[in-house]
Amino acid sequence: MLSVTPPLLLHRNSTLFFFPSFPIRTRPPSPLSISRCSSGLQEAEDTDQLRSDELSASSPFPAVKAAKRVVLVRHGQSTWNEEGRIQGSSNFSVLTNKGEAQAQTSRQMLIGDAFDVCFASPLARSKRTAEIIWDTRKEEMIMDFDLREIDLYSFQGLLKHEGKEKFGAAFQKWQVDAPNFSIDDHYPVRELWARARSCWTRILLHESRSVLVVAHNAVNQALVATAIGLGTEYFRTLVQSNCGVSVLDFTPCAEGGPPYICLNRLNQTPSSPIEAGSSGGRKTSKRIILVCHGSTQINAEPMDMLGVIKAQKIAELLLDLKANSIVSSPKEACVETAIAISRVQEAADCLGADSVPRSVEMKQMENLDIENILQQSNKNEMEIPSLQPGWLNGFEDRVVEAVWDQSEKAWQSLLEEVADEAAAEKNVVAVGHPALHRALLGHCLNLTKEWLGSFHLDTGSISIIDFPDGPSGRGVIRCINYTAHLGRWSVPIAKSTVNDKNI
């Protein structure tokens, strides 16, 4: 549970602003997603505040009348990003030339998509990004100050090494245990989660079907996490790169209660997600890339022509990644996709990506096969699964349990695969069914089977998990359901929801 915070005091262009903060309220259990509390907050000293928040946590998200899609975009690179300064909610940083170019790329990415409204942070770097993306659209733009970046008080404006020198233990706490980090009598991450939850209420109550939100790194993390019911301990676990796009779908509940909420994609970036990056300032050398096989016409049969094209597009995207091993489900579509990736990897020198040939280990892993479980248990005997909100309803509880148990074995096998201590870098590509990879994302985040409906994956997509602390540490999710590499066959980010029952 999150502590109720006092009013916020922050500086904006040397002017003081006071804004109320709100207690976080996670939604109650639903068929597709169950809320969980932040374990890090168990260390909070104010038990009275904790009791107050336990009561407020029962308040659900407001119901939606029709399916709603919300597209989150982080601002482009800013001058303080480039300098390595701690920005927080200060407003002295503006977009760099690179940041402007990133925003233009995002504009092109979203140019064909219809939005009913844009919510944006009024801080200059975010506001400018929103203006570039919104371009000539005539629809409403709403500047919501609760969408500002995390308030970091005395940290703001400091270079990172200055923060370490000036604040010592507090800066270390910020780096390794952010939910319990406090400064100037505030707990910034807890305040941020509360603020994100209040933003969702306004966004969901707005009469719109397709919403663009342009904000910042930390607040977008908090928006994603609070939407699917994750607490403050997940701060820095769901990466948001400059101009990275994340998508959440809100589907009405038949009983009129809180909506089903599904993370359709996370951090689709203007540049390739394969590029080396850092997670919370830490470089990673261990990585699992989850590849959903190319499309098939009938389950368990070889890929169709579009599936073959998608497999080749995946292989081209992964050319810039040195894959140490490729493991796949023994199903034909998965094996074919793995072979396509392997051939391009081993031809890297001929394709100009490497000066020396690559050797890639390939193997099939029985633990990655869940198709048999689904096919043998599909009550409706239809192509499985639709992978839309509610798809689990087509299966009995025992089937969902079997899928979850199988995916747990697969996750442990992948961790063993990536844990090679003899290799300074280890990149493992795992090719499987989208339903399996949804479960693997849940295991990465230490969730339960009730979260299976909280993620969406398309055939031909990739999702990337980094391990900055090694496989024994927490996985950091760099992207989910990345499809930009598919070109004309990629799934539109903000497709029209008109007469669409299954977003």
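Glycine too: its Cβ is placed from the backbone N, Cα and C atoms.
Note that the coordinates shown come from a computational prediction; the quantities given were computed from them, not determined experimentally.
Annotation source TrEMBL lists active site, tele-phosphohistidine intermediate at H75. Taken from TrEMBL, the feature active site, proton donor/acceptor covers E149. Positions annotated as substrate binding site by TrEMBL: R74, H75, G76, Q77, S78, T79, W80, N81, R125, K160.
In this structure, W80 is the one among the binding-site residues R74, G76, S78, W80, R125 with the smallest number of other Cβ atoms inside 10 Å of its Cβ. Separation of the C-alpha atoms of R125 (substrate binding site) and the residue listed as 'active site, proton donor/acceptor': 11 Å, rounded to the nearest whole number. Cα spacing between R74 (substrate binding site) and the residue listed as 'active site, proton donor/acceptor': 10 Å, rounded to the nearest whole number. Other C-beta atoms found within 10 angstroms of the C-beta of H75 (active site, tele-phosphohistidine intermediate) number 33, with every protein chain shown included. Cα-Cα distance from W80 (substrate binding site) to E149 (active site, proton donor/acceptor): 13 Å (rounded to the nearest whole number). Among the recorded positions H75, G76, S78, the residue whose Cα lies closest in space to that of E149 (active site, proton donor/acceptor) is H75. Spread of the substrate binding residues is 21 Å (greatest Cα-Cα distance among R74, H75, G76, Q77, S78, T79, W80, N81, R125, K160).
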